[in-house]
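Quick look at what TrEMBL annotates:
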BINDING   381, 453, 468  Mn(2+) binding site
DOMAIN    21-203  domain 'DUF83'
């Protein structure tokens, strides 16, 4: 069978589709789009096990002899072939002498054959692509083989005209999907999702649930892939030097080792004040997609260094193209969610009668959903904030060692905060915005172009937008925790020049409490499964991305009951 070129003549498409991506396309067209078009990737135990299995065949050994030469039992490993004419490319794990002048491509797979002992459809197409590419090079190929490591057996695949038609049909459909900037919808109730490494990015059940009226929603399976990333490292020791040695992050002071962390356990490095990060450490961290974040000694977020930006360009295009009306719709839901969370916070923690303030906040949350303009919404948000912070000291318990009476007089103050409570709030808000900035950048958003906050004065406007619904849930909860548990005291604050700031001991106490809060699991109000706040913030950012890309009609804020 002669196979002609079937690549569509569309600008911007690559010359070839990797065979592995056709494997993904057969498994799930959405997975194919997320991985190849949007360049999103996440590892998992299955992925890591597969990489380990390939360690032998990934080493290039042997060469493909000229097609006119006899193979005489020769073997070639890790052979790369491509054909712009066909629009295909592949790295072949193994090419063996098939006898009678033929060659056999052998593909290594971690798993097992299907229940009939044959190749899975996705694996079959990948092997047929390899056979087709060898034929394109002039080699005779009558069969392909797949080695399944779990059962230690080979499965034979006949290379005939019908099989090659399957490849061309699959490739045609894959090109069609690749030429669309929007990903196909997620699979519905599919057993494939449970072991997919991208399930935490794709959110199949979550997107389905948000498109279904609440009373009709089915209980969700917890499909989310476990978060394999590490945890942030905070360096507050003044004069310290952060370096890298033997795959470990080291913190030294005057040459003396103060702390050491495995790089695989680090998700970000946050340095405060006069801390030096070596050039070697920066290069190593960025190569591993570990951002480095700088803060002033007092805790103001100064800047961030990260590797190359996320390749999900279509998301940024959609973000910038969002109409004023769409931005207002999203902002309404974010601010209404923020006000409802503030009301819940007071109801759960305040001492004394709060019914009047609670009712006012309830009405303001309703008004926020009906705001006709961003300016009107800003006024509603400001009114709600004044009511909420006017009652905030009522949530500080008798065990607190910090006097919050100045807050009752000052109200909410910023840059600089004028009292200890304001200093705690500002520091925790900074930490929250820092994490949301990293999350948004990792997904593909521009964190400086917001829906509610305006992109001016260098503010990460979108991170501030998303922070609204998490201020009470995360930042203010941490403030109340460190106060009511006596984790900070008067000695942890310094007042100077009309402002108040946390001392080193106080910052460390808050950082510990903040990380504990992010690791705390809650039952997700929309999806019903348990997830840590760290993961919930990532989910919300991805839900916002789904709205931007047209996969969801409306944004749903994170609101606790």
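Each Cβ is built from the backbone N, Cα and C atoms, and glycine gets one as well.
Whatever TrEMBL says is automated annotation, not expert-curated.
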Chain-internal residues, separated by at least six, CB under 8 A from residue 381 (Mn(2+) binding site):
335, 338, 339, 368
Taking DSSP as the reference, which of helix, strand or coil describes residue 468 (Mn(2+) binding site)?
helix
Can you tell me whether DSSP puts residue 381 (Mn(2+) binding site) in helix, strand or coil?
helix
By a simple count, how many Cβ atoms lie within 10 Å of the Cβ of residue 468 (Mn(2+) binding site), its own Cβ left out?
22
Cβ packing number for residue 453 (Mn(2+) binding site), 10 Å threshold:
20
For the domain 'DUF83' (21-203), mean pLDDT (0 to 100):
82
Determine, for the Mn(2+) site, the additional residues of the same chain whose CB lies within 8 Å of the mean position of the CB atoms of 381, 453, 468; present them in sequence order.
331, 334, 335, 338, 378, 452, 464, 465
